[in-house]
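Going by TrEMBL, these are the annotated features:
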type: SIGNAL; residues: 1-28; note: signal peptide
type: DOMAIN; residues: 130-360; note: domain 'Peptidase M24'
type: BINDING; residues: H195, H296; note: substrate binding site
type: BINDING; residues: D212, D223, E353; note: divalent metal cation 1 binding site
type: BINDING; residues: D223, H289, E322, E353; note: divalent metal cation 2 binding site
Amino acid sequence: MMRSSFINGTATKFLLVVLCVVVSTSRAFVPIATTKSTKKSFPLYMKKTVRSKKKGDRSKPKGFAGAIRDMQLSTFSYAGDVRPGKQSPQRVVVDEAIVKPDYFQDGTPKNKPQLLPWVIEVKTAQEIAKMRVAGRVAREVLDIGGRMIKPGVTTDEIDARVHKECLARGAYPSPLNYHGFPKSCCTSVNEVICHGIPDDRPLVKGDIINLDITCFVDGYHGDCSEMFVVGGEEAADDAAKQLLQTTYDCWISAMNICMPGKDYKDIGAIIEDYVAAKGFTTVKNFCGHGIGSVFHANPNILHYRNNEPNGQMTSGHTFTIEPMICEGVAKPLTWPDQWTATTVDGKRSAQFEHTLLVTAEGVEALTGKIETSPLQFWERDSAVKKGIWLGTTPDAKKRAEDLSANAKA
């Protein structure tokens, strides 16, 4: 079915929108059904199958349901070497002073994004100020979690620290109980594309891992993720280095085009063309998203060539770009936990993410690196932008130059 252009007429245009929404891909933090099928899934907010629990019940399935889940996990046909470990009890946020999202108790978001994909919220100056705070907090927590990534450390230990650091900053860890997600961050190792659940599996030298952090501060979300090599640069094999470098460079290339008047669909073309030329693939089942007081809002940011009517960038728009790039087949296999998505062939995947703000002068990373952030080898060796990237505005470029000059590996 062609979806390459707008059609005149209000009624016809509305029908086109409905069709586009129905066939649209999942937002980046939405569970998909356990299947080896390559069919795209519907966004969860359009379903009536959201997993809900009674107030205060934050545990994993018990009794017969728990036994069934354990059997599914033990007999599931996994694609690669990563296996689910034991999860600790779900953490909670009891501090009444911390502002919590509307889903924190029952897992169901009450605020929904606009149905029309090109209707995108323009943030006020006050809202942007709050998002800057949320973005800064998310970056601080990401850097702290990243420094923990070493051989022998478990992802559950990282999650515990992430949870603690969020609370210490007056923030709620946005993933916690979002549609029932059991942890405060996502840790996706090797072939895990996204939504990896922290557990007791020790990290191994040479693993690559994506740490995905989102913080809810004073009613607004800041969302970012970054790759790390367990054991550092010297522990990465050549193929891993190429995957990480390509993922980073395509991400920077896509962010560099962002400015008022630019079509959102252009982001996907930049990413797919860049990675395809280097022999990699881009995942189509998950996407970036608008963000603000709502975790996942319009627009959908597709990381591949498309003609979706997702509108144009305007000063005051805030959204994420978070391409998931694979060594092999870019199709997800979802585990019985209904969250963890791996590649179907067991080959590795990588991802980077920023929360971005469009301004009159270009684009700015609200989750950009800060004075204490490390310089990674893919930043040092980038063919697109050597050093730290904070945006395309004059102020962002100047701050990035200063940080890059003083950053340590």
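Heads up, the Cβ atoms here are built off N, Cα and C, so glycines get one too.
The average pLDDT computed for the domain 'Peptidase M24' (130-360) is 98. Taking only the Cα positions, the spacing between H289 (divalent metal cation 2 binding site) and H296 (substrate binding site) is 6 angstrom. In the structure shown, across all protein chains, D223 is the one of the binding-site residues D223, E322, E353 with the greatest number of other Cβ atoms within 10 Å. It is 13 Å from the Cα atom of H195 (substrate binding site) to that of E322 (divalent metal cation 2 binding site). Neighbour count (other Cβ atoms within 10 Å of the Cβ, all protein chains): 25 for H289 (divalent metal cation 2 binding site).
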